[in-house]
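Annotated features in Swiss-Prot:
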| type | residues | note |
| --- | --- | --- |
| BINDING | 10, 11, 12, 13, 14, 15, 16, 17, 18, 19, 20 | ATP binding site |
| BINDING | 190, 205, 208, 211 | Zn(2+) binding site |
């Protein structure tokens, strides 16, 4: 793998930052790609840019601001949907879910990988702590990998090394990679865009579903460390 190129879907969050460091140790070249899809807070993109610079990795942003016009999610900047409720289009999903977001991201990453000659795409998705998003599950990833390769006569691999790791295990992975401090202080997870309050697990409001999941994971990580 050391001679191969890997394209990473990069949001500047805990998952994709840990993934980027993992990939940097394994591939000759790593390219980070972020998406501006009219999410509520630009802080996500700002953190991604800073982390990319700290990791000395190339970073590009693809604009997808049209998504807000064709579907609904509490993550959109103009949305009035209240966080923590069911999705307006599907009561079985959280309203932070953006329908087909990962399918669109992966399709564009696949095109980009073909352009630069990359044989690998890496995603920070996990079905252990997946927030109720069906497009983070392994069966979806395998299906879209097969479909895109079939439709473009390619054999690009979609790697998901975090697929079966929970947040506590991801904190441990960051520690093992030597970037725990970076993950805590520089990555962004909070749905509310809060960057004024630094908790033990990182910046955030401490109340939104993303903060709660990250907080729980960090507490489990710390508890396990006490017995090692």
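Cβ coordinates come from backbone N, Cα and C, glycine included.
Feature annotations (Swiss-Prot) mapped to structure.
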| residue | record | DSSP (3 states) |
| --- | --- | --- |
| 10 | ATP binding site | coil |
| 16 | ATP binding site | helix |
| 190 | Zn(2+) binding site | coil |
| 205 | Zn(2+) binding site | coil |
| 211 | Zn(2+) binding site | helix |
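Other Cβ atoms within 10 Å of the Cβ of residue 205 (Zn(2+) binding site), summed over all protein chains shown, number 18. Residue pair residue 190 (Zn(2+) binding site) / residue 14 (ATP binding site) shows a Cα separation of 11 Å. Each of 48, 51, 124, 187 belongs to the same chain as 10, 11, 12, 13, 14, 15, 16, 17, 18, 19, 20, is absent from that list, and has a C-beta within 8 angstroms of the C-beta centroid marking the ATP site. Checked against residue 10 (ATP binding site) by C-alpha proximity, the binding-site residues 205, 208, 211 yield 211 as the nearest. In this structure, the CA atom of residue 18 (ATP binding site) is 22 Å away from the CA atom of residue 205 (Zn(2+) binding site). Using the Cβ center of 190, 205, 208, 211 for Zn(2+), the list of other same-chain residues with Cβ within 8 Å runs, in sequence order, 189, 191, 192, 194, 204, 206, 207, 209, 210, 212.
Checked against residue 12 (ATP binding site) by C-alpha proximity, the binding-site residues 205, 208, 211 yield 211 as the nearest.
Between the listed binding-site residues, namely 14, 16, 18, the fewest other CB atoms within 10 angstroms of a CB are found at 16. Taking all protein chains in view, 28 other C-beta atoms sit within 10 angstroms of the C-beta of residue 10 (ATP binding site). Comparing Cα positions, residue 208 (Zn(2+) binding site) lies closest to 14 out of the binding-site residues 14, 16, 20. Cβ crowding, taken as the number of other Cβ atoms within 10 Å, peaks at 20 among the binding-site residues 20, 208, 211. The Cβ of residue 190 (Zn(2+) binding site) has 24 other Cβ atoms within 10 Å, all protein chains considered.
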